[in-house]
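Working notes, structure below.
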Amino acid sequence: MPERLTEMLMDTWTPLIILWITVLPSIYMTPMNQPQVLPSGSNTGLKRLTEEQRVLNRSKRGWVWNQMFVLEEFSGPEPILVGRLHTDLDPGSSKIKYILSGDGAGTIFVINDKTGDIHAMKRLDREEKAEYTLTAQAVDRDTNKPLEPPSEFIIKVQDINDNAPEFVDGPYHATVPEMSVVGTFVTKVTATDADDPVYGNSAKLVYSILEGQPYFSIEPHTAIIKTALPNMDREAKEEYFVVIQAKDMGGHMGGLSGTTTVTITLTDVNDNPPKFAQSLYHFSVMEDVALGEPIGRVKANDLDIGENAKSSYDIIEGDGMDIFEITTDAQTQDGIIRVRKPLDFETKKSYTLKVEAANIHIDPRFISGGPFKDTATVKIVVEDADEPPVFSSPTYLLEVHENAAINSVIGQVTAHDPDVSSSPIRFSIDRHTDLERQFNINAEDGKITLATPLDRETNMWHNITIVATETRNHSQVSRVPVAIKVLDVNDNAPEFASEHEAFLCENGKPGQVIQIVSAVDKDDPKNGHYFLYSLLPEMVNNPNFTIKKNEDNTLSILAKHSGFSRQKQEVYLLPIIISDSGNPPMSSTSTLTIRVCGCSSDGIVQSCNVEAYVLPIGLSMGALIAILACIILLLVIVVLFVTLRRHKNEPLIIKDDEDVRENIIRYDDEGGGEEDTEAFDIATLQNPDGINGFLPRKDIKPDLQFMPR
């Protein structure tokens, strides 16, 4: 069989080779400047055309062939004949040698150097390499000299349908909204075919659905997947598995095919309203529950997911709309009912509410499907609890005069037990708020009395806490703050605001204001302070000074005459009586010190001491202090100088470094060991200068110098 196939191919290719040699030159033309392989007699003809060109002045192109074809994937027992090269210089005497070079020459393609036949030695794959460029040349077999220029040509690998389509990006995942209309775009798939898209139909693809009908369809040529059924409901089926096939050869029989999968998920739209799991809910709550505490949860289920399933809850009817509130739990989408105001079992024992759940995001396309909301009834029962006492007021404000008597009643607090049992109440003061124990309270009736005297000027406000406790259950306790304001009484006399000292110039004029003084009063009258100033009765006719009340409640001190002298009297004392306008009025006497001073012509005080008169003219106290400081500094310098001179005249120490070598005493006696304490005098070794009773004096320099040995 292989031999027969080869013969058939040879029979097929032989006329083709002849066609390439004889006919194709008339089809494929190239310019004269390209390498050419010419048919028989073309060289001499070329020469002849050159001579005619000189005579007739016209040119003629040479005819060339430049392509060969070979089928890919062909395999047989012998190499495939691709084509044959021939030159008109070959007379058939075997003196011509054909040489082939270029892509695959010698490995893939081999030329018969005698006949010029070109064979393909290997199986070719167009998808690996579509064409090969080679160069052929005829040379003299004996001398290897070229007989004509090299000619370049191309061997193209002809495609066969040997590659199936492939979905490189598969498998695919796509989404499409639920309830979409027919023909809604879902996604697009793409397959590739490695075969030649130009030659034949090997790469012409057609797409079809193998699985996924009747829900989806695909365009055969564009591979666009669309919905094929209307109103697909995500709540019924969310995911679809579609198998797509791509087939080459235009989809005809015998073509190769490839498949891929597309997982299509329906995305949610808000096409379902919320729905309560039950129409009636029952809850119970203790009356003493804290405000804001949850007392129950309701749930409206929504078949949608995500944002489309979110609902808001509201109380739309009921007798407890102002007592309760409902909020949405963002995590569970539950409606949480909370207490908004305090509950009282004795006042109201049950409530009925109507709550509504409504979608937040509504799709206008499905608004006609009905209201996206639902309602339910909630019944709440309030249960009795042992409550602590309740004061008649959340806070108390009491007032008491600072001169109130001890044990006098300054106010009263009241409280009661709100429970049906109505336990008796006992009152007490939280002593942490009354550390000084200034107040007491009657445990039975809550009357507050004064325990110690009060002083408004010391502490104007007192804040205490009253504790009410049930006698039957001491754990039920309530507290209330009580603010006690201490009212003022006129119990403080006015006095000077500060210690005043006035200065009077010797050259002052009569009627000149010496000093303006003001008074203060620790009391706080309702209409403000008003002070009265006066001199002592025995000072009313004071010959030196007088007083004048000012409109701003201050007092001016004036001089009655001039000619005051420090030498005559340096200081004057002026007692002044200050009275307030209280009931009863209070008064005190304050003394103003007036000092006579020397002043400049402008009235500026310069000196207020009598000693200033004995100072030299033009020499102030500051100048004298500076002079005295200079004298002290000079004395200190002199003392330091004398001390340094004395230190310089001190005698030299007798033990100089140069005499150390002379203070060595040599002994030839042999010691008796550690126990021999009589062999030598240790005191002599410790003080060699004490030998023979000689001790050097340290206050004089010695006359006798030891000579070196």
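Note that Cβ sites are derived from N, Cα and C of the backbone, with glycine treated the same way.
In TrEMBL, annotation is done automatically, which means it is predicted and not curated.
Lifted from TrEMBL, the feature list:
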DOMAIN    87-167  domain 'Cadherin'
DOMAIN    168-276  domain 'Cadherin'
DOMAIN    277-391  domain 'Cadherin'
DOMAIN    392-496  domain 'Cadherin'
DOMAIN    496-618  domain 'Cadherin'
TRANSMEM  613-642  transmembrane segment
For the domain 'Cadherin' (392-496), what is the mean per-residue pLDDT, to the nearest integer?
90
How do the residues of the domain 'Cadherin' (496-618) split into helix, strand and coil according to DSSP?
8 helix, 52 strand, 63 coil
Secondary structure of the domain 'Cadherin' (168-276) by DSSP, residue by residue, totals 3 helix, 46 strand, 60 coil
